[in-house]
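The feature Zn(2+) 1 binding site is assigned by Swiss-Prot to CYS70, CYS72, CYS85, CYS88. According to Swiss-Prot, the Mg(2+) binding site annotation covers ASP460, ASP462, ASP464, on the basis of sequence analysis. The Zn(2+) 2 binding site annotation in Swiss-Prot covers CYS814, CYS888, CYS895, CYS898 and rests on sequence analysis. Marked as N6-acetyllysine by Swiss-Prot on the basis of sequence analysis: LYS972.
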Amino acid sequence: MKDLLKFLKAQTKTEEFDAIKIALASPDMIRSWSFGEVKKPETINYRTFKPERDGLFCARIFGPVKDYECLCGKYKRLKHRGVICEKCGVEVTQTKVRRERMGHIELASPTAHIWFLKSLPSRIGLLLDMPLRDIERVLYFESYVVIEGGMTNLERQQILTEEQYLDALEEFGDEFDAKMGAEAIQALLKSMDLEQECEQLREELNETNSETKRKKLTKRIKLLEAFVQSGNKPEWMILTVLPVLPPDLRPLVPLDGGRFATSDLNDLYRRVINRNNRLKRLLDLAAPDIIVRNEKRMLQEAVDALLDNGRRGRAITGSNKRPLKSLADMIKGKQGRFRQNLLGKRVDYSGRSVITVGPYLRLHQCGLPKKMALELFKPFIYGKLELRGLATTIKAAKKMVEREEAVVWDILDEVIREHPVLLNRAPTLHRLGIQAFEPVLIEGKAIQLHPLVCAAYNADFDGDQMAVHVPLTLEAQLEARALMMSTNNILSPANGEPIIVPSQDVVLGLYYMTRDCVNAKGEGMVLTGPKEAERLYRSGLASLHARVKVRITEYEKDANGELVAKTSLKDTTVGRAILWMIVPKGLPYTIVNQALGKKAISKMLNTCYRILGLKPTVIFADQIMYTGFAYAARSGASVGIDDMVIPEKKHEIISEAEAEVAEIQEQFQSGLVTAGERYNKVIDIWAAANDRVSKAMMDNLQTETVINRDGQEEKQVSFNSIYMMADSGARGSAAQIRQLAGMRGLMAKPDGSIIETPITANFREGLNVLQYFISTHGARKGLADTALKTANSGYLTRRLVDVAQDLVVTEDDCGTHEGIMMTPVIEGGDVKEPLRDRVLGRVTAEDVLKPGTADILVPRNTLLHEQWCDLLEENSVDAVKVRSVVSCDTDFGVCAHCYGRDLARGHIINKGEAIGVIAAQSIGEPGTQLTMRTFHIGGAASRAAAESSIQVKNKGSIKLSNVKSVVNSSGKLVITSRNTELKLIDEFGRTKESYKVPYGAVLAKGDGEQVAGGETVANWDPHTMPVITEVSGFVRFTDMIDGQTITRQTDELTGLSSLVVLDSAERTAGGKDLRPALKIVDAQGNDVLIPGTDMPAQYFLPGKAIVQLEDGVQISSGDTLARIPQESGGTKDITGGLPRVADLFEARRPKEPAILAEISGIVSFGKETKGKRRLVITPVDGSDPYEEMIPKWRQLNVFEGERVERGDVISDGPEAPHDILRLRGVHAVTRYIVNEVQDVYRLQGVKINDKHIEVIVRQMLRKATIVNAGSSDFLEGEQVEYSRVKIANRELEANGKVGATYSRDLLGITKASLATESFISAASFQETTRVLTEAAVAGKRDELRGLKENVIVGRLIPAGTGYAYHQDRMRRRAAGEAPAAPQVTAEDASASLAELLNAGLGGSDNE
């Protein structure tokens, strides 16, 4: 019994470990793993099905085929355990050792490991400092390499061809040593003295100045140091012993009909063994050199194919022309070991079925079909049956359940009570895609789902399926109940707003019951309370919409949080009074005393949650749903063709538009406008007409005229069903109604350009053939887009999760005073996002002062909740500095104060929360949503008429920033700068509106002038970009040669002619290098200088520019010299948006980025070269000037002599985030990325909290490049984890030494994921081979800090409920205790023993 216990203990023991190290395996190490050498290529005997001895499946090496039974059958049963049979040499033990015992093959000639050879950069090549081509020629026996030059003139590592080798032999005899093949490379690697080489390289590094050389040297130094420190020996990159995978991991399965299905690895191993044995035989026979050489090359190729098939040369294919799967393919890719088996596994105890509506369920319930429940809860039922004594054995219990006896259903009811199940809908895009519910048993076969959780699951009932999982252990049930229950997930983690929001029918019902109607039955009554209102409605004495007075009792919370009653008479309607009956105490009556649309209902739930907390909100949400469904049914709202009222004005509007189009067409034919301008204008006309039709239609639908009690006519909001559905937010939008009853509008072609003839018909009138045909474009594009975008969005989410997965809240407060300034987002005349929305739930980084005083309004380190935000609004604060994860000082994680509020829970975030994953999901989930939604409007082009003026909305004074302007002949200002901003300032000095003013705009009011609301302050032509002269004089053409750089277009009708500049592609060879330009000269023909500079005024013209002046014309400043047609706008939707988000997170450089000033100083222009100008910035303090060559075609925003600050825009274009980081710092780049990403999502109406984007930015900024190493042991130019540098510098400064200086790096999310400290995480993401090769050479240790690594090694993750376990392990390790081994009690032992004996007796159950 005692040794049996020991045996059991050995099985249950789990290894405790803190880190995983990867390294190269030495030949001795491979031999130590092995249980014997595989000598023959045979697998199994096809007649007896027994494995061949010494073959690939040999039982003597790898273990017995059957449990506790040797191959020849001499020893069977458990009692002979551990005996080695003297006849067949097999150890009697369990079969599962065939999954863990390895073998080996002794290679007759060394072979190079292809990963270290071909995985770029080639490690062997880098170590030997030889080109890969040369090494390959040596390895594959094409040339010789000199290993020892001796006294000859041959260098070590010199490559010799066959002839050169023979010549050298004749000349020097055996003075020198040269070889070919892997043994040569092995000899070279063996003879390297790494430490000496390292010293030598460091000396070289200090002497050299060339950038490329330095890079190469540092690379080599890093590799050599890695070898020295990790204890790897270079020659181990050449294999002399090949390990053989355990046979059960490369199985051979007999199919019916005597054929076998086998793993590709067996074929690959067979080739290696065959070639190896042949080579041994040839060597024994002392065969001619050329034959041996050929065999060695073939062996090298066979080993290559086994390790990584297809990496070099053509992939080896099997019988069916498909490349064989090598060892490398087994671990990489979606089907590889990491992603298929380690990161996600299939689970037991799960089922799936179609979902249907469960409108009578409570929020925490789901309907589970009895059949499913019976199957899922089987183990619990068996246990209960035995416990009750209703069944004697498990087998008997099994029988009872199979017969479905009556008692089984009773037991099932008991088992299921209070036992939550998890429901999951694929794709699980965010954590709300898996929630826990209590099951309610139902008949039928479909799962019933509560309608309010559909939004979180993004589920609908058109055939969606969901999976059910059963949490088995007590801990799992507890977590499901406490954390995952649907009632605990009312707020969305992405934006902190309720996600349990009624939609569709419920909204329509509530909207219908809270609408009021003129002269409804029972109008003017005074009622004693909601109860009476309901009685009157039920008995038919009053209409739901009747305007009445009702006595209402409200409850308000006082200072102590006690509820105080307050009764008053309210003007309201019957329906609202009835709805008041379900509103929980503590909410004001105003909340229901309005027509409730979807937004109002959401706000109502939000208020309820903030004031009353979780439980009342859940009950309220359920009540809202029941009520909504009931009254939606009563409303009888339905859609009939007569509900689509076509406005009378439609015909008139369309004929006006057609007239305008005809006029433009005429102008085009008479040459007044170009084709491009005509197209743009036509589209604008139709876009405007469309807006007018839809406005007329909405006005028409919106109101109806009724007779009131006094017999007068009165307008009231319409009860048209379609209008009610759209107005309440239940279904449909103005854009969709426009297509039903207005006009379908402009359509887009598949390439995104807009077709200029719109569809003037609507769906009610019906489309003709042409219109229908045009419509198919958009509809088809929508569907095609959807398929593509879903994949792209999923991939974006995967990259985001990967980069942020190890970010967890690890401490309460890091104590930093850093933070980012938050200001409201103002676009045009609207505040797109007020300050309160941006700072809500953040922590202040410094005291917020009352504007204009020194009084502290909000102290530092305050979590800004709703009440604080109200205070900020009352005092009109317009900038607050808040803590941010980007500036958090915690190493390996962030602190709770820098993160702020946990959006899904409404209080400050807890330690151990995996904020990285939440952030990634919050950004990734809407990406997919939006892309799936593109086709709902059916591809109708949604393009606003182009902006052509600025009209302010409020009164105030104008403030212009970064402006340059000239006064034109009529005394107006013309803007000549490119990023001018016009702000409207109110009397308190707050910015109310902000606009971008384009180049060439004419201003009606100047800087500092007062304007009235509704006044137009600037206008411009939206379709062409002018070239404006800043000086007066005469025009002189340069390089404008007809037929070479320009063509003259004369209009037949008007005889007006204009010059069009040719694109360089269209020019003749002679015109390629010419630069057409307009020069301004004075009457004497001398150059006129641009004011304030000593540059002549000449304006280079880009291709397609149109000039309507003649040579020598007189002009005055502010006049237009030429017009450049702008490309017409395409349609805007997230199709452009998703790639934009991906570009931002990948930190890609835009094609032609803006050029920013590298230093502050005065601008001047140096000597020009052919196509470039030389820009020189001279600092004011007299240090070295900075020079940069800029292509001439770039339009510059600066003039000679102008003063620029570091980071100012010199030439327009999209800004590259790397430049912003380098020149303006971390906060600027954070602001840039956050705002740009938010712009894309805001366009789609998706709310995401800024925090989430900041979390990702923090991860993108986690590397730093060492500029100067100081006393640290970093290398200059080395890229290191930012936290590492911080820690090292802290230690150095504590010892009074000089820290390293560094610059922060911005990495794209893919790069950042691959550059993590953890090689396991990186390998399971992408480029598995490269990551593992690099890690093995460097002998990396993975500290298992992140979530992914811990999932892969099969542990609890260091976040959430697993956080405590990890903290505990760290504490124990620090205290130096050994972690307690699992205790085995006698009961456990006997139970395990019984199980083993059963297995032994059954013998057949060994699956």
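From the backbone N, Cα and C atoms, a Cβ is placed for every residue, glycine too.
The shown structure was predicted, so the numbers you read here are calculated from the model rather than taken from an experiment.
If you draw a 10 Å sphere around the CB of CYS88 (Zn(2+) 1 binding site), it holds 17 other CB atoms from the protein chains shown. Taking each Cβ in turn and tallying the other Cβ atoms within 10 Å, the top scorer among the binding-site residues ASP460, ASP462, ASP464 is ASP464. Ranked by Cα separation from ASP462 (Mg(2+) binding site), the binding-site residues CYS85, CYS814, CYS888 are led by CYS888. Here the residue listed as 'N6-acetyllysine' is positioned 50 angstrom away from CYS888 (Zn(2+) 2 binding site), judged by their C-alpha atoms. Neighbour counts of Cβ atoms within 10 Å were taken for the binding-site residues CYS70, CYS85, CYS888; the minimum is at CYS85. Taking the centre of the Cβ atoms of ASP460, ASP462, ASP464 as the Mg(2+) site, the nearby residues of that chain (Cβ within 8 Å, site residues left out) are ILE355, ALA459, PHE461, GLY463. Report note: the Zn(2+) 1 site is defined by CYS70, CYS72, CYS85, CYS88, and the residues of the same chain whose CB lies within 8 Å of the CB centroid of those residues, excluding them, are ALA59, LEU71, GLY73, LYS74, TYR75, GLU86, LYS87, GLY89, VAL90.
ASP464 (Mg(2+) binding site) carries neither a helix nor a strand DSSP state and counts as coil. By neighbour count, meaning other C-beta atoms within 10 Å, the densest spot among the binding-site residues CYS72, CYS814, CYS895, CYS898 is CYS898.
Report note: the Zn(2+) 2 site is defined by CYS814, CYS888, CYS895, CYS898, and the residues of the same chain whose CB lies within 8 Å of the CB centroid of those residues, excluding them, are GLU811, ASP813, THR816, ARG883, VAL885, SER887, ASP889, THR890, VAL894, ALA896, HIS897, TYR899. The recorded positions ASP464, CYS895, LYS972 include none with a CA atom within 10 A of the CA of CYS70 (Zn(2+) 1 binding site).
Counting every protein chain shown, the Cβ of the residue listed as 'N6-acetyllysine' has 16 other Cβ atoms within 10 Å. Note on proximity: of the recorded positions CYS72, CYS85, ASP460, ASP464, LYS972, the one nearest CYS898 (Zn(2+) 2 binding site) is ASP460, by Cα distance. Recorded residues CYS88 (Zn(2+) 1 binding site) and ASP464 (Mg(2+) binding site) have their alpha carbons 58 Å apart, per Cα-Cα distance. With respect to their backbone Cα atoms, CYS895 (Zn(2+) 2 binding site) and ASP460 (Mg(2+) binding site) stand 39 Å from each other. According to DSSP, CYS895 (Zn(2+) 2 binding site) sits within a strand segment. CYS70 (Zn(2+) 1 binding site) falls within neither a helix nor a strand when secondary structure is assigned with DSSP, and so counts as coil. Secondary structure from DSSP puts CYS814 (Zn(2+) 2 binding site) in coil.
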